[in-house]
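Record features (TrEMBL):
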TRANSMEM  12-30  transmembrane segment
TRANSMEM  50-68  transmembrane segment
TRANSMEM  89-115  transmembrane segment
TRANSMEM  135-156  transmembrane segment
TRANSMEM  168-185  transmembrane segment
TRANSMEM  205-226  transmembrane segment
TRANSMEM  238-262  transmembrane segment
TRANSMEM  290-313  transmembrane segment
TRANSMEM  339-362  transmembrane segment
TRANSMEM  374-392  transmembrane segment
TRANSMEM  404-428  transmembrane segment
TRANSMEM  458-478  transmembrane segment
Amino acid sequence: MKAGQNSRKIGFFFALTMLIGSVVGIGIFFKNHSIKEATSGDGLSWLMTWVLAGIISLCSALSFSEISRIKNTKASGISNWAAQLGGKAFGYFINFNYTFLYGAILIVALSFFSAEALHNFIEICANGAFKIPTYYLPFSALVIFVFFFSMMVISLKISSSIQKIVTILKFIPLIFAIIIGISLYKQNYAGGSNAFNKVNFSWSSVKGLLVALPFALFAYDAFLSVGSVANNLKKDTLPLIVIIGMSAVIVTYSLIAVSAILHNSGLVEQIIKNTIDQSKNNKLAQSLTITFNLFLFISAIGVLNGVTTGFVYELNNAINLKIILGGAKYRSKMNLKRMIVFLISIIYGIIWIIISSTVWVLKGDNALDGLSNLPTFIFFNFYAVIIILYLRKRKNINVKKMNSVLFWLFSILAIIGSLFTNVAYIWATIAGILNNDRALSGIFYGNETLYIGKWVELVFYFVYWIFIIVFPLINYYLIKKFEQRNVLDEFDLINYKPKYLEDIWSNYNFNDSPDIVRSIDEEPKKLNDAIKNE
């Protein structure tokens with residue numbers, strides 16, 4: 001290996017911080033209250049929810065640490081693995097859904113969560129003088145997303161710098177929540193209690209755990225980021241990185257959960273009120289609450305920034321694989337960067353209208369809280385399918401492999417955990433319907449006066465599945481009818497011959513002409529010459 005090539009490789013500790021920084025986000029704070037509600041405040045099932053979700057994610061991440069070594073083609077990441085392991089149709093199916101029904105929904109949901117964190121911070125700073133009306137929430141979400149996406153388009157360096165700073169800052173509220181909640185575990189000045197003291201662990205506790213799992217899996221979801229470092233490590237230490245990194249995340253999340261359970265408080269603001277006597281230290285409690293919520297907002301925008309960057313690359317994949325109806329026509333009129341902005345504007349706008357409508361009609365974020373879990377929860381099924389497909393072909397795939405016994409163990413646990421969780425969730429939700437349980441509690445804008453039955457949650461689940469199955473089929477037949485081509489031909493990645501591919505962030509500026517972009521499939525030298533001539 002040349003020295004220059006080796007210098008571009010990343011080391012163990014940098015890769016470890018990348019993994020931890022990607023996975024650790026706002027889910028533990030935004031979903032902890034929902035988990036408390038789903039488990040009816042039962043401390044043991046509340047904690048077990050976080051631990052079980054962490055184990056499923058750890059085993060899945062270890063499996064994908066080997067799968068991700070499959071060579072990239074004109075697609076990368078999960079779309080590439082799906083096509084090479086499951087064939088053209090499966091590759092198309094995953095690429096379409098991961099782009100439009102996974103990443104797209106997440107970036108919109110995260111922009112709303114960021115807006116909620118901002119509103120909550122402003123209200124706390126005002127010390128209860130006013131409350132920002134619910135109907136402002138969608139507009140704040142839109143402004144936040146447009147601002148950070150614009151920064152990304154203007155300069156990836158700006159976006160990258162934001163991410164580095166936020167990755168460090170977002171650990172402050174995590175450490176703070178652990179220390180204050182556990183060290184002052186005996187103090188409950190605001191009506192809190194030790195939720196571990198609930199006596200009986202019964203079927204009701206198990207049912208609550210299963211219903212709560214989607215909320216916890218949301219917080220662990222970014223474990224697929226391990227795939228981005230598989231081929232760029234100086235030494236083959238990825239499995240060790242995954243074990244240490246994911247274990248650190250599981251321990252951190254579990255400690256925060258313990259901190260919350262000791263005070264039966266789903267929100268850190270409630271933990272602060274329970275641990276500090278506000279009659280004597282009101283200013284201290286107020287200052288700590290303001291500081292924490294400031295860092296919570298910073299964490300939220302950091303997660304939004306990171307997930308949006310990942311979504312842009314998935315959309316880049318979709319364009320390279322030509323799965324977008326009319327994509328060739330648009331490409332003849334604009335370069336890739338402009339096309340990405342155009343497509344995201346449409347995609348974000350459509351989903352924003354849908355989610356905003358639920359917020360305005362329900363006068364709360366109850367539906368948003370439930371909808372945001374679906375992409376993560378349901379895609380664990382597809383992660384399991386990809387692992388199964390890889391196990392079938394593992395002997396014939398030429399990649400660096402971990403110990404076979406360990407890999408099979410991790411893979412089987414990941415498969416069972418992912419598939420069983422979905423089946424058990426449906427079972428527990430049906431039981432909740434029969435018991436007339438309440439669903440979708442919401443986050444900062446939860447409408448407590450609104451009763452939403454468990455049947456609504458189940459309807460969301462199955463409607464999302466219908467979208468996942470039907471939308472790719474509609475897109476396939478529309479392309480076949482209007483563009484006279486079979487989109488599946490683009491997914492013959494096993495026989496793909498490497499060539500220079502277009503990347504949104506490289507080789508041209510926002511105002512470059514489409515002519516420069518159209519030369520992208522030629523050699524890099526020709527492209528660079530075209531840029532110089534421009």
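Placement of Cβ uses the backbone N, Cα and C atoms for every residue, glycine included.
Automated prediction, rather than curation, is the source of TrEMBL annotations.
Sequence-distant contacts of the transmembrane segment (458-478) (same chain, at least 6 residues past either end, Cβ-Cβ under 8 Å): 92-93, 96-97, 100-101, 323, 325, 367, 370-371, 374-375, 378, 425-426, 429-430, 433, 487-488. Panel annotation: around the transmembrane segment (50-68), residues 23, 28, 35, 77, 81, 85, 209, 213, 216-217, 219-221, 223-224, 226-228, 230-231, 238-239, 241-243, 246-247, 249-250, 253-254, 257, 380, 383-384, 386-387, 390, 399-402, 407, 410-411, 413-414, 417-418, 421 of the same chain, lying at least six beyond its termini, place a Cβ under 8 Å from a Cβ of the stretch. The stretch from 89-115, 205-226, 374-392, 404-428 that makes the most Cβ contacts under 8 Å with the transmembrane segment (290-313) is 89-115. The transmembrane segment (374-392) and the transmembrane segment (89-115) are in contact, since at least 3 Cβ pairs between them lie under 8 Å (pairs 6 or more apart in sequence).
In this chain, the transmembrane segment (404-428) does not touch the transmembrane segment (135-156); fewer than three CB pairs sit within less than 8 A of each other, excluding pairs fewer than 6 residues apart. Against the transmembrane segment (89-115), stretch 339-362 shows more Cβ pairs under 8 Å than any other of 205-226, 339-362, 404-428.
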